[in-house]
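**Student:** Okay, so TrEMBL annotates it like this:
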{"type": "ACT_SITE", "residues": "HIS34", "note": "active site"}
{"type": "ACT_SITE", "residues": "ASP86", "note": "active site"}
{"type": "ACT_SITE", "residues": "GLU95", "note": "active site"}
{"type": "DOMAIN", "residues": "1-108", "note": "domain 'Glycoside hydrolase family 9'"}
Amino acid sequence: RQVAKRQVDYILGDNPLRMSYMVGYGPRFPRRIHHRGSSIPSVAAHPARIGCKAGAAYYASAAPNPNLLVGAVVGGPSDATDAFPDARAVFQQSEPTTYINAPLMGLLAYFSAHPNPAEWADD
């Protein structure tokens, strides 16, 4: 449980970059995630249809995503150097996926229900 807690803390910002890999959590988090709905303008901001090829301009942009996908967790750093480019094109690191987010939600639920480390003793 201690190892799991350290991993959760790392994901949420207790790491060398002091960056949370959960969008919208903390003062520093990924701003250019690989997610179409997050990276193109909203219908309110751009009522005209944005086709697949027209979306490429937003994908290639260095600007932060106009729509925050709050709570989404991205792949994170690539190796022991903790490098994280925060770029849509590096989808391995910047894409939120179900296989990353689902297990983390389970851990967050556990730690929310058991906030006291004294409760974590193995039976």
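Every residue gets a Cβ built from N, Cα and C, even glycine.
Note that this is a predicted model, so its numbers are computed, not measured.
Describe the structural surroundings of these features, if you would.
**Tutor:** A simple way to gauge crowding: the CB of HIS34 (active site) has 22 other CB atoms within 10 angstroms, across all the protein chains here.
Sequence-distant neighbours of ASP86 (active site): residues of the same chain at least 6 apart with a C-beta under 8 Å from its C-beta are PRO30, ARG31, ARG32, SER94.
When Cβ atoms from all protein chains are considered, those within 10 Å of GLU95 (active site) total 15, not counting its own.
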**Student:** Rounded to a whole angstrom, what is the C-alpha distance between HIS34 (active site) and GLU95 (active site)?
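**Tutor:** A Cα-Cα distance of 5 Å.
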**Student:** Kindly report the helix/strand/coil residue split of the domain 'Glycoside hydrolase family 9' (1-108) according to DSSP, in that order.
**Tutor:** 34 helix, 2 strand, 72 coil
